[in-house]
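Here is the structure we will look at.
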Amino acid sequence: MAKKNPKILSIVLAGGEGTRLMPLTRDRAKPAVPFGGVYRLIDFPLSNLVNSGYSQVIVLTQYKSHSLDRHISQLWRFSTLLGNYVSPVPAQQRLGKHWYLGSADAVYQTINIIEDVQPDIVVIVGADHVYRMDFEQMVNQHIESGAEFTVAGIRQPIEQSSQFGVIEVDPEHPNMIKSFQEKPKETTGLPDNPNEILASMGNYVANTDALFNALSIDSKAENTKHDMGGDIAPFFAERNEAGVYDFSRNEIPGATTTDHAYWRDVGTIRQFYDAHMDLISYIPEFNLYNMEWPIYTSSGNLPPAKFVHAAGDRIGHATDSIVSPGVIVSGGEIHHSVISPNVRVHSWSQVNDSILFDNVEINRRARVNRAILDKNVVLTENSTVGLDVEHDLARGFTVTSDGITVVPKGTVVDD
C-alpha cells in the first residue's frame, strides 16, 4: 500500500503515431498537433499534471518528435533548483535494438529514470485527449483503496466499446475492477444503463514496486502487445489488485455544469473537428477561459488580432468563433470557426465551420467551408475548399465520410 504524502513521478505517453489523424500527423507527432487556436494537444495533460501539483514529469516521445520536443523545451521551463522539470525522453533502445513496442514497453524502457527518482507512485497519462482533471484526487483514492494499480474511467456509449478499454466494476467493491477488456467487439452495458460502458481514459496510477513487477513479467511474455490497457491493466485486474477512479467525481475549480467532467478522444478527424466545435458556442461544452485551472501554452510575442474595413459588403468580422493573436481579418468574414495565430483573411473571403492552423492565408473571394487547413496553407483568389467533395478529392485532399476536408501543411490551393 502506498504511503500518505507519497513522492510522485508523472509519465506522459507521447509516442503515438496518430495514423487516424493523417494528414495532420504527416509532419508531426500526434501530441504536437495544434488545438483550440493557440494550444497543442500535449498542453492539456501537462497542464493538468502541473495544476495538480505534480511537477516532476517525463514525456516519452518517439514518432516525428522534433516539434513536440521543441514545444516542451520552450514552454515548460521549471526551476531545476527546486527539483521540478518537464523533460522529453526519446526512445533510446535501452533494452534492445527496437523502438517502443507499445505503451507498456515505453514505460519499461524508462525504468532507469524511475529508479533514479525513486517515487512511491507513478502517474501515467496519455497525451492526446482534451480535458481538465485534478490527478491528486485520483491518487488519493488510489491510496485509500489499497489498490496496486488504478484506472480512470468515464461513461461512454456502448456502441463505442471497440474503441476503448472496458471496465467491469466489482459490485461489492465499487472502487475495484472485476474485469478489464481492451477494445472488445462485444460487451454488456452498465447495470444502471445498458446503453453505456465504463471506458478507460488511458490514465493510470500505480505503486512503483507493483508496476515494476508487472512490466518485467510483460517484457518476457510471448502473447502480449506490451500495452498498458491491453496487458498491464488486465494483469492487475486478474489479481484483484486494480482499482477504478470515476472521472465524473473529479472536481475542478471554476468548472461549469456544462463542462464538468468533459473529456474527448480526438484520435480521428471527425473527433478532432467536433472537439473544436465544442469550444465556440456562447456556453461552450469545454471552457478554455477557466483561469482557475489554466491550460498553459505559448503563442509567442504576437500582436492582438485585428479586424479592418467596414464599408458595404466588405466588412472584416467574425461571429461565434475563436480568433487567436496575430490574426488580421481584412474585409473577410469568419463564422463558427477556430482561427490560429497569424492567419490572414482578405476581402470578400468567407470561412465557415472550419479550423485554420497557423499562418494560413485566405486571399480575396476565396471560400472555406467545413474544413481543416494545416499550417501555411494558402488559398489564392477565388479558390475554394470544402464546397465540392469531388473537386477536393481530385486535388488529393483528405475528405472524411461525413464531408470534412483536410488540406495538408504548406499546400497552395489555386483553383
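These residue numbers are counts, starting from 1, taken along the chain as shown.
Glycine residues also receive a Cβ, built from the backbone N, Cα and C atoms like all the rest.
Quantities reported herein were computed from a predicted structural model and do not represent experimental measurements.
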Kindly point out which candidate in SER87, SER200 is recorded by Swiss-Prot as part of the alpha-D-glucose 1-phosphate site with TYR100, GLY165, GLU182, LYS183.
-> SER200
Going by DSSP, give the three-state secondary structure for SER200 (alpha-D-glucose 1-phosphate binding site).
-> strand
According to DSSP, which of helix, strand or coil covers TYR100 (alpha-D-glucose 1-phosphate binding site)?
-> coil
Neighbourhood of LYS183 (alpha-D-glucose 1-phosphate binding site) by C-beta distance under 8 A, where only residues 6 or more apart in the same chain count | SER161, SER162, GLN163, PHE164, GLY165, VAL166, GLY230
Would you mind listing, in sequence order, the residues at least six apart from TYR100 (alpha-D-glucose 1-phosphate binding site) in the same chain with a Cβ closer than 8 Å to its Cβ?
-> GLY15, LEU60, GLN62, ALA91, ALA106, GLN109
